[in-house]
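Notes follow once the structure below has been shown.
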Amino acid sequence: MSERKVLNKYFPPDFDPALIPRRKQPKNAQQVVRLMAPFSMRCNTCGEYIYKGKKFNARKETVEGEDYYGIKIFRFYIKCTLCSAEITFKTDPKNTDYSAEHGASRNFEPWREEKAVEEEDRLTKLEEEENNPMKALENRTTDSKREMDILDALQDIRARNARNERVGQSVDLLEKIGLEDIRTEEDDQKRREEDEDEALVREVFSKISAPTAGPSRSPVTVEGDDASPPAPSIVTVKRKADDLEHDLRSLLPESTRVMISSTTMSMQPPKKKKPNASKSLGIKLVKKPKAAKVPVPSPSSLNVLSSAHLLAFAMDSSREDFPRVSIDTQQDWQRIRDNFSQALYARLDEHLALNNLTEHKSVFLLHAQQTIDSMFDKARPNVRVNGQILEELNGDGEEAEIFDEALDRRIWSLSDQRLISDREVAMKRRTRPQEVVTLLEDLLQRQHAEEDIIEDSVEDDMMVTGDDIDDERLAETERTFQEVCAMSEGLHQKAQTQLKRSKRLQSADKEIRALKN
């Protein structure tokens, strides 16, 4: 048998209080406390007096949305000892007291007496000052002194608070200075690294080899003692364009430039003529009887072919790497091709005239046309005409309809309006019958109450017939019946109107979608 008064309990070694689940209590739950009435009161329901010190089992809760300078206010619920009516009172931190709230009235409120005494003292003081000027002067002197004392005390409090705030600032200041020094060193190191990176980038990307003007770009060797190859001239790229036009290969990556350089070096004229050497470039030479030997194009004349090869190499990429092009009509794609062809032909004519190769113009034009066709064929899968793939469109030149954002927004707006109309119909069908039932029940209850009053007031030997019914009741019944009929008719008409509107919106939505397709 266990002890009746146990001082301690047994806890096993594997007991873990963290595993015990916490109780879920509602927010601001009421607590049952044992208290005594803080003041004498009188019940407003039965008139019973409840004196100060009466013990109750009260329910306590925190008053939400009400406090006094951050101090919480609590409300207590008790019951009258005679009629069990609920009485509530709450704390009053302002007056360090309790205040009656509901169900009872306080017998004595001390703050009322304090206000009366304060008002009486003020009136007495004014009367004394009016009859005695010296007393008024003395009171003003006392008030001034009290005000100065209050200001001095306030200044002392402010100085004390400022002194307390400055405590420990010297240590904090030293720590801040040390942190600033560390941050300054880190910033300087980071800035130096960024400057080195910028210098390296400028050294690599801002200087390129300057092309030499002339019919040939082959390296020149100087014979003689202690002969050294001349250093290549360096041109710095600036924002302002100069007279010297830079080569296209200078804008390509290093790997592509190496590839193009190897291709260009392989196209230099060999010492011995190899069969089908011109076919590797796609050039077909027509042999004429008794004609002079066709000079092989120099590397400078092959600049046009190199440019075309570079553009073709840029276009020869996967569909994911090549950027997508969006146009409005198929005529725009043809116009882009025509403009590009004109620019390329103009550049080709310029280079042919510069290098005296006009007699081979037809060959170069044929090769340029093949390059343009190849480039645009490879770019064709990435072209979108008004959101559609160019390859899927027919080639009859028929323009696709331009995507109309306003039309699409209108379709969604009509669908939204139809949903709103259906929701209104469903809401009215659900709420209006309930309103009618409530109105009729209210009317019946009022009529039954009036009948009970009439039965109580009529003597036992008198009988009430149908002729004794008041005309006002009949008029009220008729008015209620008319209201019910009007609500029913309005609901019927509203439902039909909403259904018609919904059908009209649905048909308009279908027509717009059909026009869009």
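Don't overthink the numbers, they just go from 1 along the chain as shown.
The backbone N, Cα and C atoms fix where each Cβ goes, and this holds for glycine too.
Under the three-state DSSP scheme, Cys83 (Zn(2+) binding site) falls in the coil class. There are 11 other Cβ atoms within 10 Å of the Cβ belonging to Cys83 (Zn(2+) binding site). Marked as Zn(2+) binding site by TrEMBL: Cys43, Cys46, Cys80, Cys83.
Taking DSSP states H, G and I as helix and E and B as strand, the compositional bias 'Acidic residues' (122-131) has 10 helix, 0 strand, 0 coil. According to TrEMBL, the compositional bias 'Acidic residues' annotation covers 122-131.
Per TrEMBL, the feature compositional bias 'Basic and acidic residues' maps to 137-147 (among others).
Among the features that TrEMBL reports, compositional bias 'Basic and acidic residues' is placed at 506-517 (among others).
Residues or ranges marked as region 'Disordered' in TrEMBL: 122-147 (among others).
Sequence annotations record features per position, and here TrEMBL assigns region 'Disordered' to 204-233 (among others).
If you look up TrEMBL, you'll see 497-517 (among others) marked as region 'Disordered'. According to DSSP, the region 'Disordered' (497-517) comprises 20 helix, 0 strand, 1 coil.
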Compute the centroid of the Cβ atoms of Cys43, Cys46, Cys80, Cys83, then list the same-chain residues not in that set whose Cβ lies within 8 Å of it, in sequence order, for the Zn(2+) site. Asn44, Thr45, Gly47, Glu48, Thr81, Leu82, Ser84, Ala85
Which residue, out of the binding-site residues Cys43, Cys46, shows the minimum number of other Cβ atoms inside 10 Å of its Cβ in this structure? Cys46
Those residues of the chain, 6+ apart, with a Cβ under 8 Å from that of Cys80 (Zn(2+) binding site): Cys43, Thr45, Cys46, Glu48, Ile50, Glu86, Ile87, Gly103, Ala104
Which residue counts does DSSP yield for the compositional bias 'Basic and acidic residues' (137-147) in the helix, strand and coil classes, in that order? 11 helix, 0 strand, 0 coil
Determine which residues of the chain contact the compositional bias 'Acidic residues' (122-131) at the Cβ level, with the cut-off under 8 Å and only residues 6 or more beyond its ends counted. 139
